[in-house]
């Protein structure tokens, strides 16, 4: 069931989103060659807890981290650990906060030091595909309109759009209805209505759209070992333009 949010509930989600943004900014600022993904996880957790919130991901279905830290060919759900970032890596950071009972969810892929032009182009295309998608996130449109716009843009660059993982509703639960695919499926999906709050999150691969799961049960890899990027915001559907609830000033 799709839960429409009141103006008061959306205000609570704005507050949650600001905390997630603060955590993301702190993590991104700390990204450099040599730092471990566990150290980045600690930074995010400290920012979130000091803000009076809880990390949405920590303990979710047993996930051990406050962030998902996915490196290079890891699409999503990388577990923070001892791995140290290297010059030329790309890192996808996914995190969320629970504040006053409401979740926020966001992700960014960032360079570690100097990266290849190919890797930077992947990051740029993934980001732009998100904005192409939310241009269709208008009351009266369908969920599939978002995915079609994401897919058409990413595939115009010869990139793969992950099918097995999708965006979702967000609210008092981290994952709510509806699913928000990043591609045009056979169904139009639900009609978008003011008061819906959703996470739009293109996961774009440099090669095939196919993915595999690691033995840890969490980490998702590209099937061909090529790079992947992730860009996500929580948004509110309004009577006009969609409102981004997790906006970073820099990117």
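Quick reminder: no glycine exception, Cβ is built from N, Cα and C everywhere.
TrEMBL entries are annotated by machine, without manual review.
Noted in TrEMBL for the protein shown:
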BINDING   77, 175  substrate binding site
BINDING   94, 105, 232  divalent metal cation 1 binding site
BINDING   105, 168, 201, 232  divalent metal cation 2 binding site
DOMAIN    11-239  domain 'Peptidase M24'
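The CA atom of residue 105 (divalent metal cation 1 binding site) is located 10 Å away from the CA atom of residue 175 (substrate binding site). Within 8 A of the CB centroid of the divalent metal cation 2 site residues 105, 168, 201, 232, the other residues of that chain are 94, 106, 107, 167, 170, 180, 198, 199, 200, 233, 234. Checking each of the binding-site residues 77, 94, 175, 232 against residue 201 (divalent metal cation 2 binding site) by C-alpha distance, the shortest gap belongs to 232.
A distance of 6 Å separates the Cα atom of residue 168 (divalent metal cation 2 binding site) from that of residue 175 (substrate binding site). For residue 94 (divalent metal cation 1 binding site), the same-chain residues lying six or more positions away in sequence with a CB closer than 8 A to its CB are 57, 67, 68, 70, 76, 77, 105, 106, 107, 230, 232. Of all the Cβ atoms in the protein chains shown, 25 others lie within 10 Å of the Cβ of residue 232 (divalent metal cation 1 binding site).
Listed in sequence order, 168, 169 are the same-chain residues at least 6 apart in sequence whose CB falls under 8 Å from the CB of residue 175 (substrate binding site).
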